[in-house]
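Working notes for the structure below.
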Amino acid sequence: MMSDTLRAVLLGIIEGVTEFLPVSSTGHLLLAERFFGLGEDGFWKSFAILIQLGAILAIVALYFFKLSRVAIGALSNADDRRFIIGVLIAFLPAVIIGLIAGKYIKALLFDPWVVCFSLIVGGAILLWVDQIDLKPREHDATRYPLLMYLWIGVAQCLAMIPGVSRSGATIVAAMLLGGDKRSAAEFSFFLAIPTMVGAFVYDFYKSRAEMTSDHLGLVAIGFVVSFITAMIVVKAFLGYVTRHGFVLFAWWRVIVGTLGLIALALGK
């Protein structure tokens, strides 16, 4: 039987690797739970949300100077203030939909079959967007038009369906709205900060009574592992998509989703 420490490490790796790639971290965690017995009880389901903070802090660390410049500049620079407003505008749709329908979405759609179909459909869309001849007009994620931020935020709501991918939905939306591949990926990272911090705070509040000192130790392990893994993955990801696009990730989604459907059909 797998030890809790090893389980925490494996889930931390899955979270750190998949959170900022357009492949759906939630989908991969649900499939890991279904096929490998990772995270089957209440604590481990909350664990998957709690360790997202490690991945988020990796983004804060990687973009610390840029984010600090924007935060300080917002006091005197209209463009920096507009970017902060843009992130909040993009964040708002997820807050509204999450509060209204989050409980029902989890009850109805958090299912391995839904994950697999979402992975395949999302992979096909990502492949299509990567291959069509888009003409990027926006090359700086901190200078997108405000309406563009809003539509990216609306697209992010699709990621409440497990398997869709928060980063995938926001990257595709940004590219279709005129962003280049690198800036689309970067804004997806920036938008993840309030979105995932909000999810962390909400889930921690709900599960605080169930937490023991042992649980906190496991969360700390998963947190550190997801932080380190995300740091490595994000740096490599930006360089890769700038040169090669998203084809690799699109096919990964299709393959994982197809294998998952086969396994489910066979009763695995």
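Cβ from N, Cα, C; glycine included.
What Swiss-Prot records for 47-67, 83-103, 109-129, 144-164, 184-204, 218-238, 246-266 is transmembrane segment, and it gives sequence analysis as the kind of evidence.
Contact between the transmembrane segment (144-164) and the transmembrane segment (218-238) is not supported: fewer than 3 Cβ pairs lie under 8 Å, counting only residues 6 or more apart in sequence. Two recorded stretches are said to be in contact when at least 3 C-beta pairs lie under 8 angstroms, sequence spacing 6 or more; the transmembrane segment (83-103) and the transmembrane segment (184-204) meet this definition.
At the 8 Å Cβ threshold, with sequence separation of at least 6, the transmembrane segment (184-204) comes into contact with the transmembrane segment (47-67) through 3 or more pairs.
Among residues of the same chain six or more beyond the transmembrane segment (47-67), those with a C-beta under 8 A of the stretch's C-beta atoms are 8, 11-12, 15-16, 19-20, 25-26, 29, 39, 142, 189-190, 192-193, 196-197, 199-200, 203-204, 207, 215, 218-219, 222-231, 234-235.
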